[in-house]
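Database features, via Swiss-Prot:
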- 453: active site (ACT_SITE)
- 575: active site (ACT_SITE)
- 578: active site (ACT_SITE)
- 17-37: transmembrane segment (TRANSMEM)
- 45-65: transmembrane segment (TRANSMEM)
- 87-107: transmembrane segment (TRANSMEM)
- 148-168: transmembrane segment (TRANSMEM)
- 177-197: transmembrane segment (TRANSMEM)
- 211-231: transmembrane segment (TRANSMEM)
- 239-259: transmembrane segment (TRANSMEM)
- 268-288: transmembrane segment (TRANSMEM)
- 311-331: transmembrane segment (TRANSMEM)
- 333-353: transmembrane segment (TRANSMEM)
- 382-402: transmembrane segment (TRANSMEM)
C-alpha cells in the first residue's frame, strides 16, 4: 500500500466524535440515578445499563473495524492501554474513597467492603456477587460497590472481544461475522432464559457475563451494518425525515419503558432485555447520523455535559446514595436528602472527571508528580497518596478485627422463625361461637401465622402475646412459595373457626390469581391479611390486591400495617421493611386488635 492509498483509507475510515451518543448516555445515566434514588419514581430506570451496554458494543466495534480497515491490523496493546487510562484511574479513586469512608464511618462493614473492593479492582464483581448470592435489586443492603458489576462485564468484554474480532476480520467477510455475532447473541439470550427458568433467580441472569453478552453483541452487529464512518451527510430531506421519525419513535418507546417496566417483571428475563436492546439499536443508528435532527437534539449542550460525565456520575451516584441513605429509614427519606445526594454526586463526579480522568487520559500518569511548579499535579498526588495508604492497609486485612463482630452477627441472624407444630383441636359449633365472641379467648387461641422476614421479626413478641400461636416465617419467602406449604402442612387450618394470619409480599410482587389460590387453600378459616410497607415500586399494586381481597371476601379481614406504620420511622430498621422492637410490638398489637375487633363484631 503506497502513501496515497493509505491517506485515502485514513480519510475514509477515520473515526469521528459522535455527540448524539453522549446525549443518549445522559438519558441513560439519569434514568439509573433516579431508579437508585427511589425505584418508585422510575421503575425501569435500571434499563439505562442496557443502553450503556449497547452503546459500548457499538462504539468499541466501530473503533476496531475502523482501525482494521485503515491499517489492515488492530494494535491490541494500544487498545487495552487506552481502555486502561480511560476506566481504571476513576474506579481506583472511587474504591479508595469508599474504603476510607468505610474505615472512618462504617468500620463494622470493613471486611465486606474489602472483599467487594478486591473483586472490583480485578473486574470480577459480577461473578463475585453471583457467588455470594447477592440480590442486585435489594437496594436496602449497604453494598456501595455493587453497581460495579456492569463495569466488570464491560472490562471482560474489552479484554476478550478485540482478540475475537481481530481473528474474525482476518478470516471472514463482514456478512459472516455478523451472522456469527448474531448466533452468539441468541445463545446468550437462550442461556438467560434457561438459567432463569431453572433457578428462578433474577440476579444470577442479571449479573452474568454469559447472559448479558447478548446486549453488547447487538451493538457490535450494528457497528458492522451501520458504521459511523460510512454515513453520508448529504442526503435528501425525505430520508432525513424518515430517519428522525425512526429515532424519535425508538426514543419514545425506550423512555416509556423506563416508566412502566419493573425489575420484578418476569418477561424481561425471558427475552425482554433482548427486545429492549434491539429497539435501542434504532436510536443509536439515528443518533450517529450526521444529518439527523434527532442527533442534533441529543447533542444539546446540557446533555453533552452530562453525557461526557456519565461514567463519573455512574461511578459516584450509587455509593453516595447507599451511604447517605444508611442514616435514614428507607421509604421515609426527606426530600432534602435526595437533593443532597444529587449535589454530592455531581460534585464528586466533577472532581473525578476534571482532576483524575481528564488529566490521565491526556497526559497519562505524568499527571501525577511532586513538582512544586505545578500545584495541581502536586495536590493531585498528595490526595491520591492520602487515600491510597489507608486503602492498601484495609485491603491487606489489617483492620479486619473491626468487622469480625458484624460478620459473626450476620451468620447468627435468624433466617427463619418456626414454632413447634401444634395439633389443631377440632371444636364443635357451640365452642367455635364462644371462642369467636370472647376477646380473652383470642389470646388463648392457636392461630397460624405464615409470612416472610417480617414474620421472623415479630415471632418472639407475638408468642408472648398469644403463646399457642403456630408461626412459620422465613426470610425471602414469596407468596407463591407459601401456597404449596399451606396445602401440604397446614390443611387442618382450612376450616371454619380457625384463624390464619398472612403476611407476604415484601420480597416480590404477586398476581391476583396467586393471591386467590393462597386464600382458597385456607377454605373457610378466618384470614387476617396484612398490608405491606416496602419502599419498592410494587408496594401500591400489592396493597391494592390485599385491600380488594379483604373487601370482597367475607372471611378475609384487613390488618392495615401500611396505614398504621405511616409516619413511624422508629418502627423500622434501615431498609424500611424489617422491624425494630417497637415495630414488632406495634404490628403484633395491630394483629391482635384486629382479631379482637372481628370477634366483637361477630356478637
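Quick reminder: no glycine exception, Cβ is built from N, Cα and C everywhere.
Annotated features, which come from Swiss-Prot, shown on the structure.
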| residue | record | CB count, 10 Å |
| --- | --- | --- |
| 453 | active site | 23 |
| 575 | active site | 20 |
| 578 | active site | 19 |
Contact set of the transmembrane segment (17-37) with the rest of its chain, CB cutoff 8 A exclusive, min separation 6+ beyond the ends, reads 43-49, 51-52, 55, 58-59, 139, 147, 228, 255, 258, 283-284, 286-289, 292, 294-300, 302-304, 306-308, 310, 313-314, 317-318, 321, 338, 341-342, 345
One stretch in 45-65, 177-197, 333-353 has more Cβ pairs under 8 Å to the transmembrane segment (211-231) than the rest, namely 45-65
CA pair residue 575 (active site) / residue 453 (active site), Å rounded to integer, equals 12
Task = Establish whether the number of Cβ pairs under 8 Å between the transmembrane segment (177-197) and the transmembrane segment (268-288) reaches at least three, counting only pairs separated by 6 or more residues.
result = yes
Long-range Cβ contacts under 8 Å made by the transmembrane segment (382-402), restricted to residues 6 or more beyond its ends, are 93, 95-97, 99-100, 102-103, 107-108, 110-111, 113-114, 117-118, 368
Rounding to whole Å, the Cα atoms of residue 453 (active site) and residue 578 (active site) are apart by 7
Contact set of the transmembrane segment (268-288) with the rest of its chain, CB cutoff 8 A exclusive, min separation 6+ beyond the ends, reads 18, 20-21, 23-24, 47, 50-51, 53-55, 58, 185, 189, 192-193, 196-197, 202, 205-206, 212, 214-215, 218-219, 222, 226, 228, 231, 243-244, 246-247, 249-251, 253-254, 257, 261, 294-295, 298
Same-chain residues at least 6 beyond the ends of the transmembrane segment (239-259) with CB under 8 Å of its CB atoms are 27, 31, 42-45, 47-48, 51, 276, 279-280, 282-283, 285-287, 289, 291-295
Residue 575 (active site) falls, by three-state DSSP, under coil
